[in-house]
Amino acid sequence: MSTAGKVIKCKAAVLWEVKKPFSIEDVEVAPPKAYEVRIKMVAVGICHTDDHVVSGNLVTPLPVILGHEAAGIVESVGEGVTTVKPGDKVIPLFTPQCGKCRVCKNPESNYCLKNDLGNPRGTLQDGTRRFTCRGKPIHHFLGTSTFSQYTVVDENAVAKIDAASPLEKVCLIGCGFSTGYGSAVNVAKVTPGSTCAVFGLGGVGLSAVMGCKAAGAARIIAVDINKDKFAKAKELGATECINPQDYKKPIQEVLKEMTDGGVDFSFEVIGRLDTMMASLLCCHEACGTSVIVGVPPASQNLSINPMLLLTGRTWKGAVYGGFKSKEGIPKLVADFMAKKFSLDALITHVLPFEKINEGFDLLHSGKSIRTVLTF
């Protein structure tokens with residue numbers, strides 16, 4: 001029996017308040033309006049950005065259904081939708097690509113003005129919500145809200161992918177892999193023979209390591225205080241791994257000594273102000289490029305000496321690895337299907353969706369790289 005045009009009742013993980021566990025609830029998911037798509041989720045990854053909301057470091061309206069790194073199958077579409085149809089395998093896009101705004105028209109940028117990241121409203125693009133629980137409307141997250149058996153997204157925030165794609169793997173291309181990998185190949189534009197440093201060896205950091213390797217870097221120095229992550233980093237391309245706690249001097253000084261004055265490219269993939277500064281300082285003062293990839297804590301500012309940049313450093317930021325999402329994500333999936341890279345090493349745990357809180361416990365303990373929840 002078709003569910004198109006009808007309210008769907010299903011399970012979702014609702015965050016009612018910060019610093020509390022998720023609650024598995026019965027929710028109602030309204031049908032898609034014009035230019036919207038309703039998706040049956042198949043697999044979703046647990047990303048640090050979701051945890052930033054739980055911890056209170058990233059502020060978004062509550063109660064909310066989080067989740068933004070996922071893959072699923074189109075259940076139904078609203079009026080006017082032309083780029084996907086029911087039955088298509090898709091990845092929701094936490095940064096849309098409307099194709100019409102100034103950013104989308106600029107070939108060098110991807111932070112579409114239809115995004116809900118900079119100043120979150122917790123709605124779809126028309127300003128309304130599609131989730132109800134216990135009679136209350138529930139907010140969306142980044143226009144995706146994938147911690148639900150069904151979700152509704154705008155058409156410009158979903159990408160059709162290869163019908164043969166294994167969704168329990170390519171869900172990582174929805175955020176973690178593309179964000180890290182693209183930060184190296186698209187944003188920093190790592191060059192062959194160069195020296196790189198990657199701060200933070202979670203799923204995104206390891207994907208940045210993979211990007212540096214793919215771009216031909218000669219040295220890739222992985223930096224983390226958790227030595228348990230070093231073997232995986234080396235497996236994926238790191239040439240050296242260092243723990244800041246093993247040194248008496250600041251880690252940027254250690255890196256500068258190791259690299260004749262500083263690395264060519266550095267990546268902060270943690271989201272801490274102190275490591276953002278260390279990452280900037282460890283790149284060469286005359287020709288280094290440092291990229292901020294980790295989401296910073298809310299309402300905290302950095303103050304820096306302008307001389308750090310005047311000498312020739314470049315300091316950049318990146319969302320979604322610089323990929324124009326609706327165009328770039330299907331191409332990455334095609335590359336995965338062509339075996340140009342593997343995602344297996346990033347997925348350390350697979351759990352049923354109902355065990356979402358266990359998945360976040362694994363994240364907090366540092367025992368997981370990526371936990372994938374299956375529906």
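Glycine is no exception: its Cβ is also placed from the backbone N, Cα and C atoms.
Sequence-distant contacts of Ser2 (N-acetylserine), defined by Cβ-Cβ distance under 8 angstroms and a gap of at least six in the same chain, are Ser76. The secondary structure of Ser2 (N-acetylserine), as reduced to three states from DSSP, is coil rather than helix or strand. Positions annotated as N-acetylserine by Swiss-Prot, on the basis of experimental evidence: Ser2.
Sequence-distant neighbours of Ser23 (phosphoserine): residues of the same chain at least 6 apart with a C-beta under 8 Å from its C-beta are Ala13, Val14, Leu15, Trp16. According to DSSP, Ser23 (phosphoserine) is assigned to a strand segment. The feature phosphoserine is assigned by Swiss-Prot to Ser23, with a large-scale study or a structure entry given as support.
Every protein chain shown contributes to the tally, and the Cβ of Tyr35 (phosphotyrosine) ends up with 18 other Cβ atoms within 10 Å. Annotated phosphotyrosine per Swiss-Prot: Tyr35, in sequence order.
Within 10 Å of the C-beta atom of His68 (Zn(2+) 1 binding site) sit 23 other C-beta atoms, taking all shown protein chains into account. What Swiss-Prot records for Cys47, His68, Cys175 is Zn(2+) 1 binding site.
Spatially close to Cys104 (Zn(2+) 2 binding site) yet at least six residues away along the chain are Gln97, Cys98, Cys112, Leu113, Lys324, judged by Cβ distances under 8 angstroms. The Zn(2+) 2 binding site annotation in Swiss-Prot covers Cys98, Cys101, Cys104, Cys112.
Secondary structure at Val295 (NAD(+) binding site), taken from DSSP and collapsed to helix, strand or coil, is coil. Swiss-Prot lists Gly200, Leu201, Gly202, Gly203, Val204, Gly205, Asp224, Lys229, Val293, Gly294, Val295, Arg370 with the feature NAD(+) binding site.
Taking the binding-site residues Cys101, Val204, Val295 in turn, the residue surrounded by the fewest other Cβ atoms inside 10 Å of its Cβ turns out to be Cys101. With His68 (Zn(2+) 1 binding site) as the anchor, the candidate recorded positions are Tyr35, Gly200, Asp224, Val295, and the one with the nearest CA is Val295. Distances between the Cα of Cys175 (Zn(2+) 1 binding site) and those of the recorded positions Tyr35, Cys101, Gly200, Gly202, Val204 are shortest for Val204. In sequence order, Thr179, Gly180, Ser183, Val204, Gly205, Ala208, Phe267, Glu268, Val269, Ala318 are the residues of the chain that are 6 or more apart from Val293 (NAD(+) binding site) and have a CB within less than 8 Å of its CB. Cα spacing between Gly200 (NAD(+) binding site) and Cys47 (Zn(2+) 1 binding site): 14 Å, rounded to the nearest whole number.
All protein chains considered, the CB of Cys112 (Zn(2+) 2 binding site) has 25 other CB atoms within 10 Å.
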